[in-house]
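Residues annotated as Mn(2+) binding site in TrEMBL: D25, H211, H213, N247. The feature domain 'Pyruvate carboxyltransferase' is assigned by TrEMBL to 16-276. According to TrEMBL, the region 'Regulatory domain' annotation covers 399-521.
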Amino acid sequence: MTQQTPIIQPPTIQPIRIFDTTLRDGEQSPGVALNHTQKLEIAHQLARLGVDVIEAGFPIASPGDLEGVSRIAREVRGPIIAGLARANRADIEAAAKAVELAERPRIHTFIATSPIHMAKKLNMEPGAVVERAIEAVRLARTFVDDVEFSAEDATRSEWPFLAHIFKATVEAGATTINVPDTVGYTTPEEMRALFAFLKGELPDHVILSAHCHDDLGMAVANSIAAAQGGARQIECTINGIGERAGNAALEEIVMAFHTRKDHYGFETAIRTREIYRASRMVSRLSGMPVQPNKGVVGDNAFAHESGIHQDGVIKARETYEIMNAELVGREAAVLVMGKHSGRAAFRKALTDLGYDVAEDRIKEMFARFKDLADRKGQIYADDLRALVDSRTDIPQTFVLEKFQITSGTDMQPLAYVRVTTPDGPREATSSGDGAVEAIFHALNKVTGIAPELEVYRVQAVTKGTEALGEVSVNTRYGEISIHGTGVAPDVVEASARAWLRVINQIVAGMGKSRQISQTTV
Ligand code: KIV
Ligand code: ZN
């Protein structure tokens, strides 16, 4: 008997839209407060990354949030720019105003549909919830053609009720229907079945979307299962940041579809080589470190420790690597520069790393680079990234000129600081329980501003004892949350820079209001 060669049909590849909500749900992560410039910078990176939709914020939250979304809408080209709105007139009008200058504006409106949310949170009957959703979508459609409707807590809602509210909102003009697993409760099997059910209920032109939270660590698996059930948009964030345990991580979903295209048959428009830079940028600006063992972007994701694995990788990389580091933009260990490098080489290195830095900024950054190269010697790609991402994007009322620390085992640490101000130099001395606290106190004294420290983190930018130290502080000043980072070869200096960055933001009236953030979804 002759053996027949099986005819293998290549899977039809289906496109999946990536809806990035780093700047909205991601910014709802505890302790995260991004200022406008930081949000704009992340939005530009998301556009370079190739996301289809950027959810830029929640405009009703405050005039500052509205302005932040509106700036992104005015300046970022390529992706659809969405603003979030609860299902009421004020929210929708604020979102409409914020996105009005976008090339492709979207209003994303939502209301809760689970029995517990409707009864306990909204205190509304299901019929009234449906009416409100219809009105909201109709109102949103008077401003834009692209309206997304979400049923908050959808995965704990009754399926027939979900189908009913979705049909009604589609008739009212919603073009994308989002199914959030708001509390991270669902499972991949349930999610796939729910999407298959909804797909059967709704007209073909409707884009079904999944929005999964990670409370049980299943957000990525649930998002992928949703796609298998019929979702064609996935809502996710860089590094998986977001409310509580976070959202589905963009980089993991994208690389799962990329690496296992043979199995899933999905593709996204993401430029994978921009992933690592997006991850580093979001981590630095948000002050949320990436765990070393995190898939795709963690420090150890491509590190092989055991001898057997190392031996295998040397013989053939594919023995233990299912994707290569360059594919996600990781060339971090490459030595790029030293203290003899000139300005042209510096500018080229930045361009090679994908940074588009304005000429007037290059001068100030080059001076900083020279100073670091003198003190540290070799400068790696990750050092350059840290330098660029920590650049000054806020008015510099106070600039650290010099500092000195006296400390030892038998004495209380004492810090001296000298800062320049528009009115001339100022000096102060103060003590603290440790060197870092002493310098914070001295800076409070010299500036007359005393934020409260909530979280202090320090990490090395690269490996080795000569690595740059990167300090990140989350602080509170009255009802405002402010985050600052500082980079320097010396940890105390990096701490002082991070602290002064916070103080300069306070002076400039920046930061995220806590009262308002509590009113968010
Ligand atoms: O988790 C959620 O339900 C949300 C909605 C506003 C989409 O973030
Ligand atoms: Zn969410």
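Using N, Cα and C of the backbone, Cβ positions are placed for all residues, glycine too.
Source: prediction; values computed, not measured.
According to DSSP, H213 (Mn(2+) binding site) sits within a strand segment. Using the Cβ center of D25, H211, H213, N247 for Mn(2+), the list of other same-chain residues with Cβ within 8 Å runs, in sequence order, T21, P180, D181, T182, C212, D214, A219, E235, C236, T237, G242, E243, G246, A248. When each of the binding-site residues H211, N247 is scored by how many other Cβ atoms sit within 10 Å of its Cβ, H211 comes out lowest. The residues of the region 'Regulatory domain' (399-521), classed with DSSP into helix (H, G, I), strand (E, B) and coil, number 35 helix, 58 strand, 30 coil. The average pLDDT the prediction assigns to the region 'Regulatory domain' (399-521) is 88.
Secondary structure at N247 (Mn(2+) binding site), as computed by DSSP, is strand.
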